[in-house]
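As structure tokens, the structure follows; a few thoughts come after it.
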Amino acid sequence: MKILAIDTSNVAMGVALVEDDIIKGEIVTNIKKDHSVRLMPAIQSLLKDCGVSPHELGLIVVARGPGSYTGVRIGTTIAKTLAWALNIPIVGVSSLEALAANGRYFSGVISPFFDARRGQIYTGLYRYDGGQLECIEDDRIVLADEWARKLQERQERVLFIGSDIPLYKETFQQQLGDFAQFAPPSLQLPRPGELALLGKNKEKADVHTFVPNYVRLAEAEAKWLAKQKGENKDGDGNSISLNDLK
Amino acid sequence: MNHDIYVLGIETSCDETAAAVVKNGTEILSNIVASQMESHKRFGGVVPEIASRHHVEQITFVIEEAMNQAGVSFQQLSAIAVTQGPGLVGALLIGVNAAKALAFAYGLPLVAVHHIAGHIYANRLVADMKFPLLSLVVSGGHTELVYMEEHGKFQVIGETRDDAAGEAYDKVARALNLPYPGGPHIDRLAHEGKVTIDLPRAWLEEGSYDFSFSGLKSAVLNTLHNAKQRGEHIDPKDMAASFQASVIDVLVTKTVNAAKEYNVRQVLLAGGVAANRGLRAELERKMAELNGIELVIPPLSLCTDNAAMIAAAGTVLFEQGKRADMALNADPSLELA
Ligand SMILES: [Zn+2]
């Protein structure tokens with residue numbers, strides 16, 4: 001089966017074509033340019049290079065967030081529209097899980113992360129167990145300081161992965177000391193090939209109702225909800241996240 | 001006669017997720033609109049991030065419904081037309097990328113459509129367009145007079161220098177404590193009230209077809225404020241009637257003057273505010289005085305945002321050989337050209 005994997009959830013853009021267990025091709029760029037302009041041409045060129053027509057595809061796997069709202073929506077929209085048009089299934093994979101896959105040979109826990117501005121990061125905690133990637137702490141948005149303190153309590157080695165390492169290296173190092181390990185540049189970008197392979201074994205989603213995982217509510221909605229509750233404590237709508245509402 | 005042209009239109013520029021199939025640029029086979037108005041009501045206006053989220057939720061449902069109702073297969077389509085702009089960028093992106101994915105999956109030509117061109121072409125779904133023509137486009141985001149010499153050729157001869165007419169309606173409605181969206185409420189109240197308050201009309205320079213509504217809006221707000229200070233009561237109905245009279249006076253007078261100067265055969269009304277009964281009635285009355293110029297006003301469902309109008313405009317562009325490629329991007333401030 002031919003799988004097309006798409007990731008535009010953050011700055012890096014990734015597209016992969018995987019057939020059975022062979023990665024036929026990957027395109028990865030890490031530049032701040034419009035995903036909306038570049039994603040379809042990348043898919044077009046990758047399939048053309050591999051000599052595959054869209055109608056030969058059997059599955060679409062997409063990184064469904066967390067990440068940039070706009071980026072995640074572009075990937076999700078193209079993925080679900082393609083899946084619907086081609087009448088093939090769609091699978092969504094956490095953008096963080098796809099990034100965590102780069103830590104395959106690490107024996108401790110893995111914290112993939114993306115900057116979410118104002119000292120916050122999108123992250124979760126993962127671990128390889130018998131070659132299987134497991135999520136041990138759900139994806140979330142959290143203050144990097146707070147996350148570092150939480151990890152410190154574990155007293156085990158943590159591998160941080162992501163191209164935003166330079167922004168938070170000091171924070172993590174200060175809190176975790178030698179427990180903090182950092183992925184080198186060659187392992188900081190999510191591999192769309194990993195995304196395809198992760199998605200292959202996951203449950204298929206309903207195409208029509210498939211939506212990104214934004215992790216948090218739109219700011220206006222969070223504020224509105226807080227107002228309804230009459231407890232707009234700090235005036236910051238971001239204090240309510242989707243996690244809190246579950 | 002060549003074979004029939006079927007175009008799928010997609011429109012997501014604001015808070016409506018819409019898809020439609022149009023045959024030969026004139027015949028609606030399906031016209032599906034999923035409105036998000038209920039969702040935005042509680043915020044008193046369209047919240048861009050929330051609009052974008054809803055578009056992702058609705059997009060394939062709406063397209064599927066449009067294809068099913070039309071009873072047309074992708075193989076039968078000649079092209080896919082999509083709104084490229086102007087509008088909310090995050091909202092536009094959903095339509096543009098869905099359209100690109102569909103065009104790619106089926107190897108179909110892709111046509112990018114200007115939202116205002118769509119509003120104008122809504123008229124072609126109810127009447128033949130006779131050139132040269134003039135179109136008055138009035139909506140929440142636009143107030144424009146567009147002159148057309150032939151199909152697909154647009155010349156903006158007048159536009160708003162500040163607020164769009166629809167924006168002024170919304171702001172005045174808020175000042176009168178009317179629910180969102182305020183336009184229809186003002187229109188309703190205006191019919192019950194009397195023009196008792198003298199409000200300004202911005203004619204601008206001699207011969208200009210541009211518009212300006214911010215002065216009028218401020219005058220309404222000031223009048224309300226001053227009355228409140230003095231403890232006087234202003235009947236909202238009379239304020240609505242006076243405000244609406246001022247807006248309509250300017251819109252209709254400039255349209256009629258331009259129609260005469262440009263010697264057009266037809267005047268088209270387009271955009272969401274075309275639903276306004278007061279505007280329709282006054283334009284009809286004034287146009288009747290001009291012999292030989294036909295006035296076309298589409299039904300309400302085609303005045304507000306929809307995708308049939310995008311498919312209709314897209315059909316003409318498709319026939320003229322206009323094509324977009326896979327690098328097509330949303331353009332929130334696209335110019336009409
Ligand atoms: Zn519109």
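The backbone N, Cα and C atoms fix where each Cβ goes, glycine too.
Proximity of B:HIS115 (Fe cation binding site) to non-local residues of its own chain (separation of 6 or more, Cβ distance below 8 Å) is seen for B:GLU11, B:SER13, B:THR83, B:GLY85, B:PRO86, B:GLY87, B:ASP305, B:ILE310, B:LEU334, given in sequence order. In this structure, B:HIS115 (Fe cation binding site) is part of a helix by DSSP. Annotated Fe cation binding site per TrEMBL: B:HIS115, B:HIS119, B:ASP305, in sequence order.
The substrate binding site annotation in TrEMBL covers B:VAL137, B:VAL138, B:SER139, B:GLY140, B:GLY141, B:ASP170, B:GLY183, B:ASP187, B:ASN276. Note: B:ASN276 (substrate binding site) has non-local neighbours B:VAL138, B:GLY183, B:ASP187, B:GLN244, B:ILE248, i.e. same-chain residues 6+ apart with C-beta under 8 A of its own C-beta.
The domain 'Gcp-like' annotation in TrEMBL covers B:27-311.
For ligand 1, none of the binding-site residues lies close by, meaning a CB under 6 A from one of its atoms; the full candidate list was B:VAL137, B:GLY183, B:ASN276. In the three-state DSSP scheme, B:GLY141 (substrate binding site) is classed as coil.
Across the fold, the C-alpha of B:HIS119 (Fe cation binding site) and the C-alpha of B:SER139 (substrate binding site) stand 10 Å from each other.
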